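Student: The structure is given below, and queries will be raised subsequently.
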Amino acid sequence: MGSVSNQEITGGLPKSLDETADIHKSDESLIFQGSGVCKWFNVRMGFGFLTMTKKEGTDLETPVDVFVHQSKLHMEGFRSLKEGESVEFTFKKSSKGLESTRVTGPGGAPCIGSERRPKVKGQQKRRQKGDRCYNCGGLDHHAKECKLPPQPKKCHFCQSPNHMVAQCPAKASQAANLEEQPISEEQELIPETME
């Protein structure tokens with residue numbers, strides 16, 4: 001039984017197939033210029049899509065989607081894009097479609113980015129209702145993180161040291177008023193404080 005060498009297989013291909021493979025390989029290595037806007041960007045996953053409206057300075061009849069990864073964004077700090085943000089970019093064709101290789105703002109400026117940040121585990125469930133420190137009343141931390149020594153006990157509703165929240169007259173009077181008139185969501189979340 002004879003064996004067939006690799007030379008015979010590749011040498012046996014018609015020239016047109018070899019040329020087609022070379023053209024496909026060179027097409028993937030070409031870098032193109034484009035501009036458009038951010039279609040969407042997932043800040044938690046770090047990727048999204050751009051809507052290309054111009055290729056090599058020429059308007060496109062129909063917009064084309066181009067994949068973008070956060071590692072390709074030209075900007076300081078946390079890398080992300082805002083929906084609708086104008087961008088200029090270079091891109092290449094890959095086996096998966098069009099992929100950006102570098103993304104900037106107009107004129108090569110840094111990208112603006114999204115105001116959104118991914119939620120960090122532990123902070124998702126925390127501070128949803130305006131939680132405050134039970135020790136000092138601060139809004140920026142909880143009692144276990146408080147830098148002050150333990151404070152005297154006081155009402156968590158009105159901050160008075162004369163009673164606790166269960167016996168708070170301010171809370172009782174507010175509850176009576178609430179039954180009489182409807183309130184907005186803002187009033188519901190922020191209790192009035194007395195000194």
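Residue 1 is the first one shown; counting continues down the chain.
Glycine residues also receive a Cβ, built from the backbone N, Cα and C atoms like all the rest.
Swiss-Prot feature annotations, pasted as is:
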type	residues	note
DOMAIN	33-106	domain 'CSD'
REGION	98-126	region 'Disordered'
REGION	107-130	region 'Flexible linker'
ZN_FING	131-148	zinc finger
BINDING	CYS133, CYS136, HIS141, CYS146	Zn(2+) 1 binding site
ZN_FING	153-170	zinc finger
BINDING	CYS155, CYS158, HIS163, CYS168	Zn(2+) 2 binding site
REGION	175-195	region 'Disordered'
COMPBIAS	182-195	compositional bias 'Acidic residues'
Student: Whole-number Å only: compute the distance from the Cα of CYS168 (Zn(2+) 2 binding site) to the Cα of CYS136 (Zn(2+) 1 binding site).
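Tutor: Rounded to the nearest whole number, the Cα-Cα distance is 18 Å.
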Student: CB neighbours of CYS146 (Zn(2+) 1 binding site) within 10 A?
Tutor: 16
Student: At a C-beta cut-off of under 8 Å, are there same-chain residues at least 6 beyond the zinc finger (131-148) that contact it? List them, or none.
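Tutor: Contacts with the zinc finger (131-148): 156, 159.
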Student: Between the Cα atoms of CYS155 (Zn(2+) 2 binding site) and CYS133 (Zn(2+) 1 binding site), find the distance and write it as a whole number of Å.
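Tutor: CYS155 (Zn(2+) 2 binding site) to CYS133 (Zn(2+) 1 binding site), Cα-Cα distance: 12 Å.
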Student: Roughly how many Å separate the Cα of CYS133 (Zn(2+) 1 binding site) from that of HIS163 (Zn(2+) 2 binding site), to the nearest whole number?
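Tutor: One finds 18 Å between the Cα atoms of these residues.
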Student: Between the Cα atoms of CYS158 (Zn(2+) 2 binding site) and CYS136 (Zn(2+) 1 binding site), what distance do you get, rounded to the nearest Å?
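Tutor: Computed Cα spacing between CYS158 (Zn(2+) 2 binding site) and CYS136 (Zn(2+) 1 binding site) is 12 Å.
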Student: Determine, to the nearest whole angstrom, how far the Cα atom of HIS163 (Zn(2+) 2 binding site) is from the Cα atom of CYS136 (Zn(2+) 1 binding site).
Tutor: 16
Student: When you measure from the Cβ of CYS136 (Zn(2+) 1 binding site), which residues in the chain that are at least 6 apart have a Cβ under 8 Å away?
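Tutor: In sequence order, the residues whose Cβ lies under 8 Å from that of CYS136 (Zn(2+) 1 binding site) (at least 6 apart) are CYS146, LEU148, GLN151.
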Student: At a 10 Å cut-off from the C-beta of CYS155 (Zn(2+) 2 binding site), count the other C-beta atoms across all protein chains.
Tutor: 20
Student: For CYS168 (Zn(2+) 2 binding site), what is the tally of other C-beta atoms lying within 10 angstroms of its C-beta?
Tutor: 20
